[in-house]
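Database features (Swiss-Prot):
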- Y35, Y168, Q172: L-tyrosine binding site (BINDING)
- 40-49: motif ''HIGH' region' (MOTIF)
- 228-232: motif ''KMSKS' region' (MOTIF)
- K231: ATP binding site (BINDING)
- 341-405: domain 'S4 RNA-binding' (DOMAIN)
Amino acid sequence: MSNVYDILKERGYIKQLTHEEEIRELLGKEKISFYIGFDPTADSLHVGHFLQMMVMAHMQKAGHRPIALVGGGTGMIGDPTGKTDMRKMMTKEQIEHNCNCFKKQLAKIIDFSEDKAIMVNNADWLLNLNYIEFLREIGVHFSVNKMLTAECFKSRLEKGLSFLEFNYMLMQGYDFLELNRKYNCVMELGGDDQWSNILAGVDLIRRKESKSAYGMTFTLLTNSEGKKMGKTESGALWLDPEKTSPYEFYQYWRNVADADVEKCLRLITFLPMDEVRRLSSLEGAEINEAKKVLAFEVTKLIHGEEEAQKAKIAAEALFGGNAKDLGNMPTAYIDKNDLNNLLVDLLVKCEIFPSKSEARRLIKQGGLYLNDEKVTDMNLVVTEEHVTEDGIMIRRGKKNFNRIVVE
C-alpha cells in the first residue's frame, strides 16, 4: 500500500511540516491518531472546511484514525487567526447545535462507525480548568516574546488584542496535549493559517510528556489569483443544502476559471491522478468537460449521487441545452471590451433593464441572479470569470432569463 504522505504530497495538500522525514516514515509504518480542529461559529461547514475533510478522508483510507475536535470551549473565546476584530462570543446552546450539524456533514466522507473516527468537544476539559493550576502546568511553557512574533497576533497588535484572545494559543496547545494523553494522538493537521498554534501544541507535548508530536499544515483553497475559493455573491459556499442548494453548489464548480480546474480536481475530488492529469490537459472548449466532471464529483461527495445528477441535468437544460433551447432565450451581444464594467451598466446597455435604478431596485429586493448566483453587490463588476461557455446568464425573479454573449 502506498504511503498516504506521498498521496498528500502528489495531490498538493502539504504546505508545512514540523519534521518531514519523521512524518513520512511514521505514516508509512504505523497507524496513528491525528486531529483537526473545527471552530463552531456557524451551523454548517463551508468549502474552506471541505479541503480539511478531504485530508481526513485520505488519511482514514490509509488506516489512520481521524479525531474531529470541535472547539466548544475555544469557541467561547474566538480564534484571532486572520481576524481584524474580536469575535462575538457564543452561547453553549448555539455551540452544541453547531457541533451536531458538523458531525452529520463530516460523516458524508468520514466513517465514524466502530471508532474508526471520533468527534470530541474541547469544552469537556477546558470548561472545568482550574486557572491557577493551568497557569502553573501550561502557562509556564509559553514565552510571551515568542507568542508576539506569531503571525496570528502580529496583525492584531495595532488594532488591539484582548487578553481573552491571547489565551487562544495556550488553549489550542492544551487541546493537543489532552488528545495525546487520552487518545494517543500524535499529529495535528490544519490550514496554513494555524501553523503558529500547531507549533505551540507540538512543543508543549515534547516538553510535558517527553514524547514526539508532529504538525502538518495544508494549502488553503485559493484560485489562480490567490483569493480564497468558496465565496459567492451571496456569501460563503456552505455544505448545508438549506444554505447553498446542490444546484448552486454544482454551478459554482462548473464555472470555475480554466486555470483553477487542475487544482480543484487534485484537492477536492478522489479521482485518480492519471485522470486528473488527463482532464487538466484538455484545452479550449474541451476544458468545459473537465469542469462538468469536477462539478459532478464534488457535488456527489457532499450531496450524494442523486442530487448531483439532478443538478447536472438542471444545469444542462438551462446552460448547456441544445441550440434551439438557447435560441429561444432573449440574447444580447457585447464586445469583450464591454467586460470589466458595472453589472447595472451592462444590463442597461443590453436593454435588459430600462434604467440603472430599476436594476438596482431588483438587486435590493434579492431578485437578480448572475449565472444563478444571487447578486447582492450594487457595484458588482462583470469580468471574464463570469463568462460561461454559453455566455453570461441573467435571471430576473424565478423564470425570466436573458443571455449575454461575448463576441
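Quick reminder: no glycine exception, Cβ is built from N, Cα and C everywhere.
Between the alpha carbons (Cα) of Y168 (L-tyrosine binding site) and K231 (ATP binding site) lies a span of roughly 27 Å. Looking at Q172 (L-tyrosine binding site) and K231 (ATP binding site), their Cα atoms lie 27 Å from each other. The distance from the Cα of Y35 (L-tyrosine binding site) to the Cα of the residue listed as 'ATP binding site' comes to 26 Å.
One residue stands out among the binding-site residues Y35, Y168, K231 for having the most other Cβ atoms within 10 Å of its Cβ: Y35. On the 0 to 100 pLDDT scale, the motif ''HIGH' region' (40-49) averages 90 in the predicted structure. Residue counts of the motif ''KMSKS' region' (228-232) by helix, strand and coil are 0 helix, 3 strand, 2 coil (DSSP-based).
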